[in-house]
Amino acid sequence: MPNWGGGKKCGVCQKTVYFAEEVQCEGNSFHKSCFLCMVCKKNLDSTTVAVHGEEIYCKSCYGKKYGPKGYGYGQGAGTLSTDKGESLGIKHEESPGHRPTTNPNASKFAQKIGGSERCPRCSQAVYAAEKVIGAGKSWHKACFRCAKCGKGLESTTLADKDGEIYCKGCYAKNFGPKGFGFGQGAGALVHSE
């Protein structure tokens, strides 16, 4: 059927979305009134949305449905819970056994179908809601720190060496030039033997 109005289809209701009422997320268009968490129906925006495949969630419901399972996960400090989210209508699915991929570019393939990459620091899965990209890899926000001093980094303030990331200060101290006049500040020469 031709799309005479020229608008895109909403990712939730599949009706035409016109420019004045459009919200875009991960290449999909939504009506402002349809841009709601699929579980709790809370209004979403660019800072609160978490995407899994074609589905949109608030970060809380996303964490309950797809985050780590077990005592103490996703609740904040000092709480333990066995709530698996059934009260919110979340049904847990058994995951099928692992099948090795035959795709030579598995990470890009996994991104397109909603899979996840592994954080180089902790080796855990990195989901879109917690992803930071630096040195060509995906990291958890909490793991995106200098390997030497632990200082939080941004993609513009890091230096990488051998797959590890450092703040510019630690990188300069550990891997920068050494010898006469280096690393002492303006006007100072030091002779070390």
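The backbone N, Cα and C atoms fix where each Cβ goes, glycine too.
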Among 4-9, 64-69, 94-99, Swiss-Prot lists motif 'Nuclear localization signal' at 64-69
In DSSP terms, the domain 'LIM zinc-binding 1' (10-61) comprises 9 helix, 21 strand, 22 coil
Least surrounded, by Cβ count within 10 Å, of the modified residues K131, K137, K161 is K161
DSSP says K161 (N6-acetyllysine), in three-state terms, is strand
In DSSP terms, the motif 'Nuclear localization signal' (64-69) comprises 3 helix, 0 strand, 3 coil
